[in-house]
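Annotated in TrEMBL:
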type: BINDING; residues: 96, 97, 98, 99, 100, 101, 102, 103; note: ATP binding site
type: DOMAIN; residues: 5-344; note: domain 'Kinesin motor'
type: REGION; residues: 438-461; note: region 'Disordered'
type: REGION; residues: 503-547; note: region 'Disordered'
Ligand SMILES: Nc1ncnc2c1ncn2[C@@H]1O[C@H](COP(=O)(O)OP(=O)(O)OP(=O)(O)O)[C@@H](O)[C@H]1O
């Protein structure tokens, strides 16, 4: 919660006449500035005259006649807009006598683009911010209320042009039990971008009650409240921030006697002055300590601005003053009003709430889950089939669960046995597909391994073993290829040997004879080779391992003098053992 007094600023309307009745003293940046009016004593009032000659008022800042709209926006509206973007309510209201520049400050002048006032500049600032801040999703809605002769009208109502004012629906105030104000018949229109928001502003301004008065050629005869409702949410979050920015152009106070108006304008002036009087009463009540009752309900304007005055809002007032000699009294009165306003303390709260639609979805789910739990507890299982949509949702849930690398992740299916069973069926299909490549089951498929939990020691071990197995497989296939080549060489050598010894030819099939007995092998391995030209030989079979294990051949890995062949390569040396075992000389 932010406790803050209402910030007050003064703006002096430019005047063509040079005037010495006022002076602005700009003090240190933080100390603010003061505005002084000098009113010389009127000798006509007699010699004994204790009337004050100098009136000094302090403000956060005084904008003199040369101040530009840009400057006013930067100092007054921008900080308020920033707070609104942060989730706090904000109000800026302009107060002053008629023709002192309230509408010029709040809405702006129509002649030049640089004369744009606080409303269009703030809209531009807000939408620019929305597009630049990617951390949140923003939306804005706009309402425009007019209070004319104590009756509220919706300025954005399209029937304004065609209907008479009396035929338009009246905006009425409704209060809930928490004393929050709700406005019936006031439309709140969404505006997706700056252009749409400006169109709404122009539509409302065209519908405003304007009349020519002796003080102002286009005097606004009503109080107007332009409200921007900002809503923001971080993507994926269910917390919403809703804030309101009221930009208020009050109707100007005027001295009926001085301006000499009559008829309708007199009635308007009476209503305006009465509502400003009620506003003043509220301000006085708020600035007094220990005051229990604040008369908000006296007028529609104070009821609508209830939060802005002493409530959940950061409020700023701009007192517009005219420094023509004939307007000095009204200007002093405006400054006095501002000094009282500066005593009001507001307590602005961050307007965060849970998104009601998300809360409803969550509660519905909870109810469904409780119903299912109850059915499970009472033994009433649901018999009806799962819908296609439910099954798809379960499939997606299961997929997310299986793909999540987190070992602690759980699959929440609720107490509905149909869902649990469906998930098991899906899981079975998935496992079979993965391990057998068969999409739909058959009894011949082997029982799939139960996959270990990812990241567990068993799964690591399994992974290592699989890698080793793959490596061995690769080695084996290389060796098998080499074996084939060597076998060919052996065959050639044996053929050559046979032709050298007795002219017999050794066929390849001779090397694929049945296995030699252990005693035969022993004899083969102990025997010295016979001389080259010895008696005819017989070929016995030497078992070749179906999975070539060359350890069997290892004892022959050395060159033996007198052998027929010199091995060509290290593997060839091993193969020599094969020949050694396979070809036995006749003299055994
Ligand atoms: N700071 C300024 N610079 C230039 N022109 C100004 C300034 N302030 C006011 N004016 C001009 O003075 C005239 C009266 O101003 P404006 O209509 O804003 O007064 P007002 O306080 O809203 O009066 P009312 O209460 O009668 O509506 C307008 O023509 C406006 O353009």
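Cβ atoms here come from the backbone N, Cα and C positions, even for glycine.
Just so it is clear, the model here is predicted, and its values are computed rather than measured.
All features noted in TrEMBL, drawn onto the structure.
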{"residue": "96", "record": "ATP binding site", "Cβ within 10 Å": "28"}
{"residue": "97", "record": "ATP binding site", "Cβ within 10 Å": "23"}
{"residue": "98", "record": "ATP binding site", "Cβ within 10 Å": "23"}
{"residue": "99", "record": "ATP binding site", "Cβ within 10 Å": "24"}
{"residue": "100", "record": "ATP binding site", "Cβ within 10 Å": "28"}
{"residue": "101", "record": "ATP binding site", "Cβ within 10 Å": "23"}
{"residue": "102", "record": "ATP binding site", "Cβ within 10 Å": "28"}
{"residue": "103", "record": "ATP binding site", "Cβ within 10 Å": "25"}
DSSP three-state assignment for residue 101 (ATP binding site): coil
Neighbourhood of ligand 1 - binding-site residues from 97, 100, 102, 103 with Cβ under 6 Å: 100, 102, 103
